[in-house]
Amino acid sequence: MQLLTIGINHHTAPVALRERVAFPLEQIKPALVTFKNVFLGPQAPNTPEAAILSTCNRTELYCATDDRAAREGAVRWLSEYHRIPVDELAPHVYALPQSEAVRHAFRVASGLDSMVLGETQILGQMKDAVRTATEAGALGTYLNQLFQRTFAVAKEVRGTTEIGTQSVSMAAAAVRLAQRIFEKVSDQRVLLIGAGEMIELCATHFAAQGPRELVVANRTAERGQRLAERFNGRAMPLADLPTRMHEFDIIVSCTASTLPIIGLGAVERAVKARRHRPIFMVDLAVPRDIEPEVGKLKDVFLYTVDDLGAIVREGNASRQAAVAQAEAIIETRVQNFMQWLDTRSVVPVIRHMHTQADALRRAEVEKAQKLLARGDDPAAVLEALSQALTNKLIHGPTSALNRVNGADRDSLIDLMRGFYQHAPRSNDQSGH
């Protein structure tokens, strides 16, 4: 079985493409079934395995398969599933085989490949991806072992380095950008759309600035109400957004909607009602919640996750020593995992050897039992049994030695000496 990771992320693709390749949570299980069965070869000697990790910054397919053409098949499947031409998608896709796939998984879970260096949210997202793959019946021995090692490495990296300390989160970056637009965030009205982990982080950071008002709008009213109350804010129905948008100076949105929830027309009306006072908008969702055309309006300052990434990277340089430590830990653990993977490759061979040897044993025992039943001398029967087993067990190695020549034969001889520890060397004339 070969490990393979196929994907795109914030390093290789803009948000405009990432949002088209993202998988809504409810689509992942059925997608895994088609991906595993159609493109990883259901007739393969070993059952193929697959997992999908889809976040705002990356979409990745983790595979374990015998199919040597899995790389091309995975890219083609991703293209067809999302109805994106292969020629448009392929230049942004990375394909990581074997140790590269292992190293990548370890780095992703440890926060080394994130836009926010050392962030912890990705680890929870990977665990969710594994849980979903397990429920879909798409996870097996290889990927299960990979992810368990991945989580252990992430824990080790975060526990022994300072990779996650003083990191600038997306939420903190949003506040910093708001401070560039408005002299005092404390004088502004803030609207947060959504009620997930990212919006919760934004609520924490914006509430710390003491805004004039903090309001949460969410599709599920009860959840939005609970979040608003935690930060002494108010909740409002998401349906009221088009008619009340003009009330807010700062709008941050991050929902799981597959389509934009804030359109150009609604923002145009809000700007007009505000008499062209500026609106600061942050779209942290992938796919995007706010139509990109909104950013072209004169009095609107619209930022996406990619825009916030530049601010986040400013805080990453100071933690390069921790990065070096983390990379060293990861490299050691990659080698450990590859050793385990190598041992797995010989398991079928060992199993076959046991099966063959046992078949020989049973055949000879059955023959011996028949001889004993007809009254043959037990000592002679046992001698014949042992001779037959000896001849048949060494037949394979002997035939192999006779078939090869030159350096191959010398290598095989050395290998056989390892099997039979007491085999005499060719220059040993002692006769022992």
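Glycine residues also receive a Cβ, built from the backbone N, Cα and C atoms like all the rest.
Look at Swiss-Prot and you will find Cys56 tagged as active site, nucleophile. What Swiss-Prot lists as substrate binding site is Thr55, Cys56, Asn57, Arg58, Ser114, Glu119, Thr120, Gln121, Gln125. According to Swiss-Prot, the NADP(+) binding site annotation covers Gly194, Ala195, Gly196, Glu197, Met198, Ile199, on the basis of sequence analysis. Per Swiss-Prot, site 'Important for activity' is recorded for His104.
Overlay of Swiss-Prot annotations on the structure.
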residue	record	Cβ contacts under 8 Å, 6 or more apart
Cys56	active site, nucleophile	Arg18, Ala22, Leu284, Ala285, Val286, Val305
Asn57	substrate binding site	Asn9, His10, Arg18, Ser114, Met115, Val286, Val305
His104	site 'Important for activity'	Thr5, Leu96, Asp113
Thr120	substrate binding site	Gly111, Arg158, Gly164
Gln125	substrate binding site	Leu53, Thr55
Ala195	NADP(+) binding site	Val216, Asn218, Thr220, Arg223, Gly224, Arg226, Leu227
Glu197	NADP(+) binding site	Gln121
Met198	NADP(+) binding site	Gln121, Met170, Ala171, Cys254, Leu284
Ile199	NADP(+) binding site	Leu192, Ile193, Val216, Leu227, Val252, Cys254
Under a three-state reading of DSSP, tell me whether Glu197 (NADP(+) binding site) is helix, strand or coil. helix
Cβ-based neighbourhood (8 Å from the centroid) of the NADP(+) site, residues Gly194, Ala195, Gly196, Glu197, Met198, Ile199 excluded: Leu192, Glu200, Leu201, Cys202, Cys254, Thr255
If you count other Cβ atoms within 10 Å of each one's Cβ, which of the binding-site residues Thr55, Ser114 has the most? Ser114
List, in sequence order, the same-chain residues at least six positions removed whose CB sits under 8 Å from that of Gly194 (NADP(+) binding site)? Asn218, Ser253, Cys254, Thr255, Ala256, Ala285
Among Thr55, Cys56, Asn57, Arg58, Ser114, Glu119, Thr120, Gln121, Gln125, the record's substrate-binding residues, the widest C-alpha separation in angstrom comes to 15
Assigned conformation of His104 (site 'Important for activity') - DSSP reduced to three states: helix
